[in-house]
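Novice: What follows is a single structure, and I will ask about it in a moment.
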Ligand SMILES: Cc1cc2nc3c(=O)[nH]c(=O)nc-3n(C[C@H](O)[C@H](O)[C@H](O)COP(=O)(O)O)c2cc1C
């Protein structure tokens, strides 16, 4: 880096193969709207959930076009609901274990896994590093950077609950993908945005995705 050049310090966003690709889209849109740069890792399994939930085939060779189409889609499935500039995104293939985020010397602000599958929760808790998503999470932990894990599964069995406690003990913020109903949701997007907003609260990134509790019952009805 030359003198005077500012260092790019992105958030890593890992999308794993749990249901809930609209949560990932809402988090990505909000990070970009907040002026953050993003390093994106899309697990192999999440290509199936993305295909199932949006009809989009995510291709490494055409990631920017596929990402733009995905982020433009509303949680109700309508295309071209949002306009998103993906210029601040750097994409890494999930199999690329030589990628930037696989090393602690690569500067990042931290990592968000959204949605997090129980498999990715297990892999991170056990330090498996079976792909770039899990390796980047292990690096984030060893470098004592912020890690937010938005887990999506129901019901949860003892193994996953134990893995989540391990993550909590390691300083991870575990955010279950469970929307609340006090914020006056009237559309699916509102419920998605509530979860995405709580994920960004945990990461410390400002956003206006949901109506915050103001201390008065019925405040959500003002929407
Ligand atoms: C349509 C679909 C929905 C899925 N939903 C979930 C889910 O909500 N939670 C979960 O933990 N796994 C879910 N899975 C299973 C994961 O994709 C699977 O465990 C996979 O190995 C996760 O790998 P990854 O963590 O590398 O992405 C789903 C799979 C498919 C095909």
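Cβ atoms here come from the backbone N, Cα and C positions, even for glycine.
This is the feature table in TrEMBL:
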- 11-202: domain 'Flavoprotein' (DOMAIN)
- 17, 18, 19, 43, 117, 118, 119, 120, 152: FMN binding site (BINDING)
- 182, 198: dimethylallyl phosphate binding site (BINDING)
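Describe the structural surroundings of these features, if you would.
Specialist: Around residue 17 (FMN binding site), the same-chain residues at least 6 positions away in sequence with a Cβ under 8 Å from its Cβ are 43, 44, 45, 46, 47, 48, 49, 117, 119, 120.
In sequence order, 175, 210 constitute the residues six or more apart from residue 198 (dimethylallyl phosphate binding site) in its chain with CB-CB distances below 8 Å.
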Novice: Can you check how the pLDDT averages out over the domain 'Flavoprotein' (11-202)?
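Specialist: The predicted confidence over the domain 'Flavoprotein' (11-202), as a mean pLDDT, is 98.
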Novice: Using all protein chains in view, find how many other C-beta atoms are within 10 Å of the C-beta of residue 152 (FMN binding site).
Specialist: 21
Novice: At its widest, how many Å does the recorded FMN site span between Cα atoms of 17, 18, 19, 43, 117, 118, 119, 120, 152?
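Specialist: Max Cα-Cα spread across the FMN binders: 15 Å.
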Novice: Can you tell which of 19, 117 has the most other C-beta atoms within 10 Å, given these are the binding-site residues?
Specialist: 117
Novice: Using the centroid of the Cβ atoms of 17, 18, 19, 43, 117, 118, 119, 120, 152 as reference, list every other same-chain residue with Cβ within 8 Å of it (recorded FMN site), in sequence order.
Specialist: 16, 45, 46, 49, 115, 116, 121, 153
